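Chemist: The structure that follows is given in the form of structure tokens.
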Amino acid sequence: MAEIIHHSNVFTWAFHVSEYDGAPLLLLGSFSSVASVSLKRSGDLLLFERFTLPARTRSVALLSSHFLQSESGRHSIANILIATENGKCYLLQLVKTPEKAFPTIRIRDEFVLDTRMYNHEQLGKSIDLCPNASLWATNSFAGDIVFFFSHHPSLSKQVFAQLSIDGIILHTIFVPPKRSSSSCVTYVCLFLDSNSNPRINVYRWSKTETFSDASSYITFSIPVPSEFSLASHIIPCSNIPDHFLVLLETKICLLSVPQIECGDLKFLQTDLPCSGSHNYPLSIANDNETPNCCYLTYENGDLYRIRYSILSIDINLIGKTGSSLGNLILPCYPYIVFCGDCSDTLVYDVSVSPMSFFGSLIACAPMWDFVYSSSRHNTLLDEDINCNTVYATAGIGKSGCLVTMRYGCSSTTLLEAILTEGAVLSGIINSNHNSEFYAWLTYPWQTQILRLHLDGVVEDVTESLFLDDIKALYVINYQNTFIIITGKSIYAVTPSCTKYNLLEVSGDEEFVLAAYNELIFIVKKDLMNFKSQLLTLKLNTLSNGTLELQSLPDSFDLHDVPTCITSFSLERKLLVILVHPSPYFECVFYDETSHSSVYKVPLTGFQFGYLPHSISYLRKSNRAVYVLISSNSTLLTVYVTLTLEGVPDFKVYSNPISTDLPLTLQSPSDEFSTIYAWSDYLYIVGIDMETEQPTLNQILEVNDSFTCVSGIYDIPNKFQNSESRIIVYYSNNTLYLSELWLPQRTFSSKLNLAATPKRLLVDKYTNTLIIGCCHVLVNEITTSGLAFYDLTNSRLFPVNWPSMDIKGKPIFKPEELLYSMSFWIVADDQKRKYRYLCIGTGVRKNGLTTGRLLILTMNKDHDSNAIELRNVITINMKDPIYSVCSIGKHGLCYATGRKIGVKMLDLDSKKFCNSDCELPVRSPIVSMSTYKDYVYTSSLRDSVAVFQYDSENNSLNLVCSDTSSRLGIDCFYISQKKLLFSCDKDRLLTCFKVEGEVCTSTREQMLQPILTTVSQTKTNALTNHLKYSVIRVDKDNHNIVWGLMGCTLDGNIFKILMPNDPTSSDTIIYSDT
């Protein structure tokens, strides 16, 4: 299936849907996904969830939150109506469920809006909601308008009215009516008639309660000035009935419906301010906080506030952002959100003057290329994809940049205390005070107890608890009195630091394990015969305020000494689980009458490579619990339920994990999820409420804070909040109190290049990222250039245009455009390898475009820490060189104009030795890769074509090509599966089975997709690069699953995994981007 690794942050629509925990909650949407975002944290936009849409979005509308009744236990925050290009309407619902801390996005309903799929004339061009009636409307470019009822409990297709306009619809809105005619519905449409003249039609219904009211409407139509055809936005005036604003390139106009009814063309209008040359208004939106007020943005980032009335329109500048803004603005006081148009999502605080920057989500679009520096031979391990940083190029001209993206979550350190080396955090102890709790640390020689205050104060209370040189098995805070369980005794310490003993054992016995859950459970070991016994103790408070231990009559002799213990309740019945070194565990069950019974459960089929060392549990309900048992590389899960007869039932299964080190489990503070870690691995175990199965998720922290972790715990629930998880952990001799911001998401940073970065290469020898750029401006003349990024130190080398070689000569000519860039690896007979940097360009001069093939050597001067380039060979050609790659041991394949050719290098003379080897092709090849002597290409007329190089005859021959003529973008061949993937301008991702020799028959040369119906499905975004093989190793079945990586023009990076059977119905997988 397709999985998006890094989502695009190019949002084309946005809504302020609610307030969540005192902060604005937004829904941001792209063509392919929806994200819920909170603005609570200063300097960061907290992204809760991503939801991938079934098809590409065409239009959206925000419905009222009471549009659908909330289900039991679920609180509906917002409902979004989305029309997609597959002809369907989807109702997306943002709901808050008791099981999850964050709002969840889901599809609530759907129906077919138009059977004309993937057609620009289908309905769904825009969606308008009626403010005073239960109606919504949608339209098409072809002039169709359909009105639907919206007061039904589900999105059934119930049409109120249908209209048809002879022309092209540009903009439509519902206009709020006067209070005296609140049942009246007014609909305004700006369109171009059959003669391309702009007109405005007004449709008015006196009432819209039943189907019979649909035909009882009146309509008015007026011609408007031709400049109205350039209107970018139309917005209703919510506080001025029967009025709306029209935004033009140089003017803003206030129109009234009664004026249109009278045919009056003298609209109230005013000229827009001149905001610099070649800067035009981008977006306009109503200010919901201030009546008769809206915001206006310009391309250069200027922000204006417009106040309007039926008499005047006033425009005032309120701020300059200093950066290019998107074409969408969303006011949500005190913030304003800017997004869209391949721009970053920017948030500014307008409650202060001048307005201040709040936070951003970096948009890596348009994305041209991406690389993983950790790849080996163009292959990635699936388990390493999320753990590594990806580098991508994006932007055009001055906005060009290098973007680094990493998947994970962020953390904020609230407190840190440097301690003695060698501790393990063994637990968190609650306190009766509201602002403090205790951390329990275990050293090989003693136990240490620290009191932690939320204001940052750390206090060592070990000495007051009489723990000097004593190692505790368990520590309990019972009614502000500490109960300390050691190997030889149990004693209590009062708040006044008075100590008294509760229980002691004889010299040939010792306590080895303890647990507490209403009762104290202790495993006592006999040192003489190595037998053990489970004791059950109850705490009682005496009249003088002291405590005593009451030993319950039930004590159990155990078969051997267990290694870990835990206790929990099921419907007020206590259960104690003890895990033994042999593959079995024992469960002591206490019913309501305190009668106890013992169950011995064998772990058949499971072998502990190492001793089971930690145990915890997750609660599913009052009658079901998941018990987690940790051993080396294995997490055993025991599902414990109560039967109808009230006795426990057990089911056992395992989850292998990816670390060889032991894991420490905590007793979960909320009993629904637990966090655990060891060394550099951090995990969260929870319960998936839909599948009712435990989920094991590795948490990646982008700040690399969690290294050498030995013990991690949640702080008590009373200090937690819904947006984050506050944890305590011990790492590198330091105790940290940190706030972990979940869920995980992509974190991006941007380095500006002031050019268009089109190609990326990773040089393993110098550990450098090579960035091939176009549109480099040197002395007011555009050319190309090279930039370099140091992967070792994570910094960009100083960029100096124009790019020079080691002799100080410019590498690129004026008006030279970089098209392709590749490494050429040449191997000689002694298996020595030489590496060259090959660049294909196009040079425009005197109205003609020629091409150059540049072959360079690249080295790193370690003294000056600079990259040195030397021009070795330059080949001039009649046409631009669109693609270049290596073939064979010392061959170079290139595509120039409508030809593909191969040149072979003589290693002795360092010159090309073969005669001309070129083959005409139908159209220019835009992408090319090789495997052995085969060349896989994408061209402007063929999504894929395969050629073979015959070294004996020095000739290229066509092997096969696509059956249909499609404008190809890129292709990628997975040799292990003999599968060739292609992407094209129709947004198709197609897979072909490629195996065979050169065919003489034209029909035999045609490639057939494996599954035509599936491969012809459109993807949500344009895939423009296919890159990297992906290997997933199934450790259970010892199977290897292959896949590939790809990216889309709007900034998504995705992976595709294929089943082992290439002829199965799941072989063709397309990106749901």
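Placement of Cβ uses the backbone N, Cα and C atoms for every residue, glycine included.
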Chemist: From N288, N544, name the one Swiss-Prot lists as N-linked glycosylation site.
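Modeler: Of the listed residues, Swiss-Prot records N-linked glycosylation site for N544.
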Chemist: Drop a 10 Å sphere on every Cβ of the recorded positions S399, N703, N953 and tell me which sphere holds the fewest other Cβ atoms.
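Modeler: Among the recorded positions S399, N703, N953, the lowest count of other Cβ atoms within 10 Å belongs to N953.
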Chemist: Tell me which of the binding-site residues A394, G395, G397, S399 ends up closest to N703 (N-linked glycosylation site) in space, Cα to Cα.
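Modeler: Going through A394, G395, G397, S399 one by one, the Cα closest to that of N703 (N-linked glycosylation site) is A394.
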Chemist: Would you identify the secondary structure of A394 (ATP binding site) according to DSSP, in three states?
Modeler: strand
Chemist: Between the binding-site residues A392, A394, I396, where is the Cβ count within 10 Å the lowest?
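Modeler: Per-residue Cβ counts within 10 Å for the binding-site residues A392, A394, I396 bottom out at I396.
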Chemist: What whole-number Å value do you get for the CA-CA distance of N544 (N-linked glycosylation site) and N732 (N-linked glycosylation site)?
Modeler: 45
Chemist: For the glycosylation sites listed here (N132, N544), tell me which residue's CB has the most neighbouring CB atoms inside 10 Å.
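Modeler: The residue with the most neighbouring Cβ atoms within 10 Å is N132.
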Chemist: Looking at Cβ-Cβ distances, which residues of the chain lie under 8 angstroms from N732 (N-linked glycosylation site) while being 6 or more apart from it?
Modeler: T707, C708
Chemist: Just to be sure I understand the packing, how many Cβ atoms besides its own are within 10 Å of the Cβ of G397 (ATP binding site)?
Modeler: 14
Chemist: What's the CA-CA gap between S399 (ATP binding site) and N132 (N-linked glycosylation site) in angstrom, rounded?
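Modeler: Between the alpha carbons of S399 (ATP binding site) and N132 (N-linked glycosylation site) there are 44 Å.
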